[in-house]
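Annotated features in TrEMBL:
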- 10-140: domain 'Response regulatory' (DOMAIN)
- ASP73: 4-aspartylphosphate (MOD_RES)
- 181-214: region 'Disordered' (REGION)
- 192-207: compositional bias 'Basic and acidic residues' (COMPBIAS)
Amino acid sequence: MGMVRESQFHVLAVDDSHLDRKMIERLLQKSSCQVTTVDSGSKALEFLGLRESNDQNALETHQEVEINLIITDYCMPGMTGYDLLKKVKESVAFRSIPVVIMSSENVPARISRCLEEGAEEFFLKPVKLADVTKLKPHMMKTKLKKEGEKPSEEENATLKPEESLVVEMILPLNQELELEQKEPMLSSNKRKAMEEVISADRSRPKYNDITTSV
């Protein structure tokens with residue numbers, strides 16, 4: 001497994017051929033990519049932190065890795081590039097990562113199957129620098145998507161200090177408004193009661209300031 005200095009995009013390159021791994025690694029480095037290389041599909045899953053659950057035969061994520069693109073050979077012993085593609089697309093955590101397949105064999109049925117399963121590109125070997133330049137739009141899409149999701153997650157998780165202050169100010173204000181709306185009703189009711197008392201008093205005869213009930 002080989003790694004280089006940090007840069008804008010991080011690519012996971014998977015190929016059982018040492019020569020082909022070195023070739024794709026150099027091409028990606030020329031495009032200012034950080035590259036991690038592994039020699040099998042199972043090691044790629046291991047690097048991503050994906051494991052197969054024995055109980056449910058499903059993928060489980062045990063760690064989070066920042067990968068912007070996976071480029072893999074199609075023909076590999078054990079797990080093929082197509083199998084790796086399916087595993088990645090089955091993962092909730094990694095299904096949005098673009099996957100590109102490479103092969104030295106031009107088999108239309110194989111190409112169609114990979115593209116239908118979710119592969120972004122299918123390159124014929126040897127991969128050229130012109131092929132690698134096609135990868136940047138795919139990597140940019142995932143980078144922008146991830147960066148765009150971060151603020152919304154933070155906003156949903158907690159209120160900012162100024163937002164909580166506004167909430168604290170709004171609650172007493174609402175209570176005051178409710179009281180103000182109730183006061184005219186209370187005053188109106190009081191006024192009506194007093195008028196009824198006065199009216200009743202006027203109807204009663206008075207003798208030397210003594211009110212007599214009739």
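The backbone N, Cα and C atoms fix where each Cβ goes, glycine too.
Unlike curated records, TrEMBL annotations are generated automatically.
Listed in sequence order, VAL14, ASP15, ASP16, SER17, ASP20, GLY81, ILE101, MET102, SER103 are the same-chain residues six or more apart from ASP73 (4-aspartylphosphate) with CB atoms under 8 A from its CB. With helix defined as DSSP H, G or I and strand as E or B, the domain 'Response regulatory' (10-140) counts 51 helix, 31 strand, 49 coil. Confidence in the domain 'Response regulatory' (10-140), given as mean pLDDT, stands at 91.
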